[in-house]
Each structure stands twice: as structure tokens, then as C-alpha cells.
Amino acid sequence: MKASMFLALAGLVLLFVVDYASESEEKEFPIELLSKIFAVDVFKGEERGCKGFDDSCTPGKNECCPNHACSNKHKWCKVYLGK
């Protein structure tokens with residue numbers, strides 16, 4: 001009787017330890033994933049010859065990227081919809 005109680009208690013302790021370990025791994029997973037994503041150098045700004053959306057521009061000059069146009073009113077590049 002004592003041996004079976006001891007085995008049951010040891011099994012419960014083992015179950016709690018495994019559950020705690022899996023929960024801590026689940027909590028660390030999003031942090032590891034984000035650190036791997038943002039460690040890539042893809043997010044560094046690249047210099048380009050044209051100005052993209054919401055960049056300041058001078059109306060009349062062709063400074064904006066293709067499919068963008070310089071707004072006369074706001075003086076920034078906006079998406080050109082063909083109007």
C-alpha cells in the first residue's frame with residue numbers, strides 16, 4: 001500500500017514538472033520567434049532613387065516612385081489611382 005501511494009505521488013510530481021517545463025517553453029517561443037525575425041537584416045532601410053508613400057516631395061518634379069504622385073495640396077507622395 002505504501003509503495004503504490006509513493007508511486008502515485010511520484011507520478012503526480014513528474015506530471016507537474018513536465019507540465020511546468022512545457023508551459024515555460026511555450027512562453028519563450030514567441031520571444032525566440034520575434035528575435036529571429038528581427039535579427040534579419042532585411043528590415044534595414046535601403047536607399048532608392050525615388051520617394052515612396054508619405055515622403056515629402058516637390059510638385060512638378062518626378063521624385064515619387066512608380067504608381068505614386070506628388071500631391072499639390074499636401075506636398076507628399078501618395079498612391080496614384082489614375083484619376
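Quick reminder: no glycine exception, Cβ is built from N, Cα and C everywhere.
According to Swiss-Prot, the protein carries these features:
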- 1-21: signal peptide (SIGNAL)
- CYS50-CYS65: disulfide bond (DISULFID)
- CYS57-CYS70: disulfide bond (DISULFID)
- CYS64-CYS77: disulfide bond (DISULFID)
- LEU81: leucine amide (MOD_RES)
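Structural mapping of features recorded in Swiss-Prot.
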| residue | record | CB count, 10 Å |
| --- | --- | --- |
| CYS50 | disulfide bond | 13 |
| CYS57 | disulfide bond | 20 |
| CYS64 | disulfide bond | 21 |
| CYS65 | disulfide bond | 16 |
| CYS70 | disulfide bond | 21 |
| CYS77 | disulfide bond | 22 |
| LEU81 | leucine amide | 7 |
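Across the fold, the C-alpha of CYS77 (disulfide bond) and the C-alpha of CYS70 (disulfide bond) stand 4 Å from each other. Beyond its flanks by at least six residues, the signal peptide (1-21) meets no residue of its own chain at a Cβ-Cβ distance under 8 Å. In this structure the C-alpha atoms belonging to CYS70 (disulfide bond) and the residue listed as 'leucine amide' are separated by 12 Å. Note: the Cα of LEU81 (leucine amide) and the Cα of CYS65 (disulfide bond) are spaced 13 Å from each other. For CYS57 (disulfide bond), the nearest neighbour among the disulfide-bonded residues CYS50, CYS64, CYS65, judged by Cα separation, is CYS64. DSSP assigns CYS64 (disulfide bond) to a strand.
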